[in-house]
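Structure first, then comments.
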Amino acid sequence: MNRYVNAMRSLALQAIKNANQGHSGMSISAAPILYTLYKGLMTISKDEPKWFNRDRLVLSAGHGSMALYPIFYFASLISLDDIKNFRNDNTNTPGHPEVFANNYVDASTGPLGQGVSNAVGMAIAERYLANLFPTLKGLINHFTYCVVGDGDLQEGICYEAMSLAGKLELNKLIMIHDSNDYQLDSAVFDVNIENLQQRVESMNWNYLSCDNNPENIHAQVAVAKSSKNNKPTFIEVKTIIGEGMSSEQSANAHAAAVNDQELELFSKKFRVKVDNFDFHQEIFDHFHFNVVARGNSAYEQWKKLWSQYEQTQPEAIAQFKAYLDQDFENLDQILDPNLIVDTNDATRVYIKNYFSQLKDLKSMMVLSADLAKSTYVKIGSSEFNVDSKSPYVKCGIREFAMAGIMNGILLHSGLKACSGTFLAFADYMKAAMRLAAISHLPAIYFFSHDSYAIGSDGPTHQPVEQLTMLRSIPNFEVIRVTDHYETKHALVYAYKQTTKPVAIITSRQKLKQINESEPTNFSYGAYQIIDQKLEADQYDVCLIASGSEVSLIKEAAHTLKKENINIKVISCFNLNQLLLQDSSIIKNLLDAKCGLISVEASNDTLWWKLSPFAKTFKQISATNFGRSADGAKLMNEFGFNVDNVIKEVKSLISK
């Protein structure tokens, strides 16, 4: 093995020893792969880490981060202190790679398999933008590389994403497999039986293989890059896990501890120094020339091409620059609620209405998991699957991959991304949504069919606990809309986000119109919809609800008014946002002198966080799964009816 690969391995083992933890096995086995990619195949820019046309690298097997960080160190992209602080509260070298605003990592990885879907999303984004700006040839033409381990390939999301990538013929996507035959608990053979070549070829991928010699890896990647058959390429590289350690070629090598004895064994086998992070200057020079200088040269050529297009294609460059700067359209100026004829409809239908107003929008990719006919989350008349200029992607029934692909599109940059499916299926997407929140990606999720009211599809499709799950994710907002005005606000708000995901929840059933005119007070996540202009101490009870239950509490308030019971009615479309407000704002909105009742067809206990702001608190919520029956009947049976709300109000007053 060449001295540069072994220098990477030596540095990795010293860093892992210093941290007293890490994954030494893959840090050794994957080093030849990453070295080969960065040395002569990928182009990146030291001066501009997020250069738009850099080649993307997703280390899906994120536990092998110490196969990546040595390249960054020897290329002077990170410091020795970063290496010495591996896994030690240092933003440049966390245990698993994390993407930050100004670093050289392209995706936060660690949960196995998700990086595969991220890479697919990046390849989709590259193809879409290249076709969207066909006159700017050479500005958008990078490759996406994904390095996977055996564990990645066993995850369901990997099958989902690879299958779709093959169907979409993403020929600028190259996946390289660190095939070392072992995982944490066992040999791969003990848990896997499939023929890998047949698997990937059946999904319309090219299959190539080689040993771990960098020259052979380079040759196979070159074949993949020059392929003319419009397929993504999978390269299986046979490697040796923990090579040079006492646990070599065993499951024990996966996260083997590194001590002085292990360093000595490694040093003797590869004749490489393992002393105090000390390396010859020639190692640094090699990486500087092959990674930094070569990459910066490509970046300078790209900038020259950009300058030429500024003269010859000024309009196209201006539009492209707006995409790169995330200077997207203001949906508030595009969406017109007055164009919606039926304002007593299901909120999912308002999504359809608004998407029809956005039919010419090109800056947002819209993904659907085979439910566009039900969720109405669809844009334009064509689809990316047959027309690469279309922003609408049919993902098939692959919810988890869809969410991971969205992350990849957003990580690629230059685009917005949203998706649609049923709320009950949000659980399939949870892990990818969590990574979106961790990575500060402004993903937009549309979830329809949001309660018992969907009826006869039964408990498998009637979401009860999903709002609870979504609201529990940090840096993640959930908007459950009640009418066409709130739906417009949700779209505008979500589209403006730059650092957090937003889920927009819609109903299957028709709802009564709540607001006679467009509200202007959306900034707190909740607002009063019936203003009787009473003094604060004149309200008997405050009713607060979201989505379909807002019309319910409004009707109950009108009925109670006839009995001289004054009700403050609050639509809380964004409970996460309300709870972030200053306590004085929440007190003023809810009226601390009143009793408070929350009404929502979910089992979310987050509503109880409002209890300190009220004299007394009661929650009307879902307490069990539903069943296959008429939706209106179920809602009534489970207490989501006017009579029950009135009963609870009177009970609260009597206490």
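Cβ atoms are placed via backbone N, Cα and C, with glycine included.
TrEMBL assigns the feature transmembrane segment to one of the listed ranges (57-80, 153-176), namely 57-80. Gly151 is the residue from Gly151, Gly455, Gly458 that TrEMBL records in the thiamine diphosphate site together with His63, Gly110, Pro111, Leu112, Asn180, His254, Phe425.
Of the residues Arg3, Arg348, Arg398, TrEMBL places Arg348 in the same substrate site as His23, His254, Ser374, His449, Asp457, His461, Arg508. Sequence-distant neighbours of Glu399 (active site, proton donor) (same chain, 6+ apart, CB under 8 A from its CB) are Ala369, Thr421, Phe425, Tyr428, Met429.
Considering only the binding-site residues Asn180, Ser374, the Cβ with the fewest other Cβ atoms within 10 Å is that of Ser374. Taking Cβ-Cβ distances under 8 Å and a sequence gap of 6 or more within the same chain, the neighbours of His461 (substrate binding site) are Phe422, Ala424, His449, Ile454. Between the CA atoms of Ser374 (substrate binding site) and Pro111 (thiamine diphosphate binding site) there is a gap of 31 Å, rounded to the nearest whole number. Among the binding-site residues His23, Asp150, Asp457, the ones whose Cα is located within 10 Å of the Cα of His63 (thiamine diphosphate binding site) are His23. Within 10 Å of Gly110 (thiamine diphosphate binding site), as judged by C-alpha distances, no binding-site residues are found among Asp150, His254, Arg348, Arg508. Taking the C-alpha positions, the distance from His23 (substrate binding site) to Gly151 (thiamine diphosphate binding site) comes to 14 Å. Within 10 Å of the C-beta of His449 (substrate binding site) there are 27 other C-beta atoms, taking all protein chains into account.
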